[in-house]
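Record features, source TrEMBL:
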DOMAIN    1-258  domain 'Deacetylase sirtuin-type'
ACT_SITE  H116  active site, proton acceptor
BINDING   C124, C127, C154, C157  Zn(2+) binding site
REGION    276-329  region 'Disordered'
Amino acid sequence: MRFPITPELSPWRLGLSAVQSACLLCPRVMTTPNKGSKALKAASIPDYRGPNGVWTLLQKGRRVSAADLSEAEPTLTHMSIARLHEQKLVQHVVSQNCDGLHLRSGLPRSAISELHGNMYIEVCTACTPNREYVRVFDVTERTALHRHQTGRACHKCGAPLRDTIVHFGERGTLGQPLNWEAATQAASKADTILCLGSSLKVLKKYPCLWCMTKPPSRRPKLYIVNLQWTPKDDWAALKLHGKCDDVMQLLMDELGLEIPPYSRWQDPIFSLATPLRAGEEGSHSRKSLRRSREEPSPGDQGAPLSSAPILGGWFGRGCAKGTKRKRVT
């Protein structure tokens, strides 16, 4: 079933308001309505495969522009998901994003599987268990495919720290923040899977997330919200051609749940973060997150000023700029 999203026609409500045990797959969300200030602010993170996505533009030979990723904030959808988890209507979130916005929305670490890593987290793999360092800046400045060292060292053992990003062509091996074990357990127990904004071209390759070993009648019901076709459309109980924020606003209204506004003062990343040691201030040139936009950040004092777009080492990787392969018939 496929329906457009309009205020008058919202058949997606069927079943969703009764979600009791859900595994939520939530990729990229494009806008950030800040209900507290009654203002809308772009999340500043483009998608990859959409009409104006990073890879789409690169494959057309067009230039890609980007804003500072430190300006991105959790959107209405992120905050709705956090509230649904608080109400025990959503059990787990599986994200293929690296932007850390689910963590910043207030979701507990145990409820998130960031399958492709988190741009704010670097780890020491020499320590057992791995020692995590949450930062308030993008740690991937110096990293790339098969090159993950960030240039900083573990405070405990002195070994080089690495980012947590899983690039295309790599296999993720870190326990956290990928959290594959929790993702597969949640999927196996889910009654419903809600996919928001994803092309599913990558996630479809993970059969453990779709319970493919179960007979069709015992698999979770699948609901998809996307403006484009996905390879899972024919499996979906309902496919909605709509924007994630629009759908989640309608869903939260139907459930009678208030969407909490995002507040930088309550952003958990600041309490989770490990500060840089003396001598490490010059180890990055990325703009640091701040609780207030007017608040000066000590970590930025040594950073060079530049008008160039700021991209993480993970951003935009994996695009094949050559011609597309011809399909063999």
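Glycine residues also receive a Cβ, built from the backbone N, Cα and C atoms like all the rest.
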Give me the Cα-Cα distance between H116 (active site, proton acceptor) and C124 (Zn(2+) binding site), rounded to a whole Å. 17
Where's the emptiest Cβ shell within 10 Å among the binding-site residues C154, C157? C157
Identify, among the binding-site residues C124, C127, the residue whose Cβ has the fewest other Cβ atoms within 10 Å in this structure. C127
For the Zn(2+) site (C124, C127, C154, C157), what does the 8 A shell look like? I mean other same-chain residues with CB within 8 A of the CB centroid. T125, A126, R131, H155, K156, G158, A159, L161
For the domain 'Deacetylase sirtuin-type' (1-258), what's the model's average pLDDT? 76
